[in-house]
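Quick look at what TrEMBL annotates:
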{"type": "TRANSMEM", "residues": "44-64", "note": "transmembrane segment"}
{"type": "TRANSMEM", "residues": "129-149", "note": "transmembrane segment"}
{"type": "DOMAIN", "residues": "130-244", "note": "domain 'Phosphatidic acid phosphatase type 2/haloperoxidase'"}
{"type": "TRANSMEM", "residues": "169-190", "note": "transmembrane segment"}
{"type": "TRANSMEM", "residues": "202-223", "note": "transmembrane segment"}
{"type": "TRANSMEM", "residues": "229-252", "note": "transmembrane segment"}
Amino acid sequence: MKKPLANYAEQFRTWFTTIPGVQHFRQRYPRIASFIGNRFDPGIFVGLPLSLLLLVGLVNIILLSELTESVMDAEWIVVADQKFTDLLYSMRSEWLSRCLYVITSLGEREAVFTVGGVATVFMFYYKRYWAIVAFWLAMAGVGLSVQFAKSFISRARPAGVAYYEVEHFSFPSGHATTAMALYGMLGYLLYRNIQNLLYRRLIVVGTIIFIVLVGFSRIYLGVHFLSDVLAGFLLGMLWMLVGISLEEVMLYRKKRREL
């Protein structure tokens, strides 16, 4: 039987503290050493889990920055964008376009308020008040950051291939950003409160497929480039991580107060 990842993390943490150099540092700077050590504690969210989330967030920011720079400097990604757009346009069919048009609508602003409103009712019923705050903070962050990025980068949408008329700039995709943050947060909240392993796996797989479909629909319908959608996913993931971190930190503080 395989040991949980947390057990391996705890074993590594214990072994690391036996290194002579580490022991000397702990004796000389006990408070700093304690703070650093707690950041690798797998037993509490503000330990190893939060450290990993911060690491993922940092990598996310780096990738998003590199992608944005490539688009603004018209590097190879712009050529790849156009080729992929042309390929999908040459394969477009009416029935699939109609199906994806329905799916893409689930990344609209109206979907945020509808789906988010229903989710808020359930969270309020189960007294998950901080989850409500974290959720809507993430959604507000999505809206503001997408508007700023679109205005700052001012990238034109694909020319001559749009399935329907769309205004505003192209980079990043607001639908992809919304899908990642909105459905990613909801998937996390469901996963967090369901113990059945099969249901948890279905939630993870279903959430990923749904988010990818929303992003793909934007490219297939000719209203976004591939890099627009990838940037949207990265930006949406940042806000999803912010929401998850806030929710978990407040749950951790609540449990500590109850002890």
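The backbone N, Cα and C atoms fix where each Cβ goes, glycine too.
TrEMBL labels come from automatic prediction, so no person has curated them.
The DSSP breakdown of the domain 'Phosphatidic acid phosphatase type 2/haloperoxidase' (130-244), given as helix, strand and coil counts, is 87 helix, 0 strand, 28 coil. Residues 84-85, 88-89, 92, 96-97, 100-101, 103-104, 106-107, 157-158, 161-164, 166, 170, 173, 175-176, 179-180, 183-184, 186-187, 190-191, 194, 229, 232-233 of the same chain, all 6+ positions outside the transmembrane segment (202-223), place their C-beta atoms under 8 angstroms from a C-beta of that stretch.
Most Cβ pairs under 8 Å with the transmembrane segment (169-190) belong to 229-252, among the candidate stretches 44-64, 129-149, 229-252.
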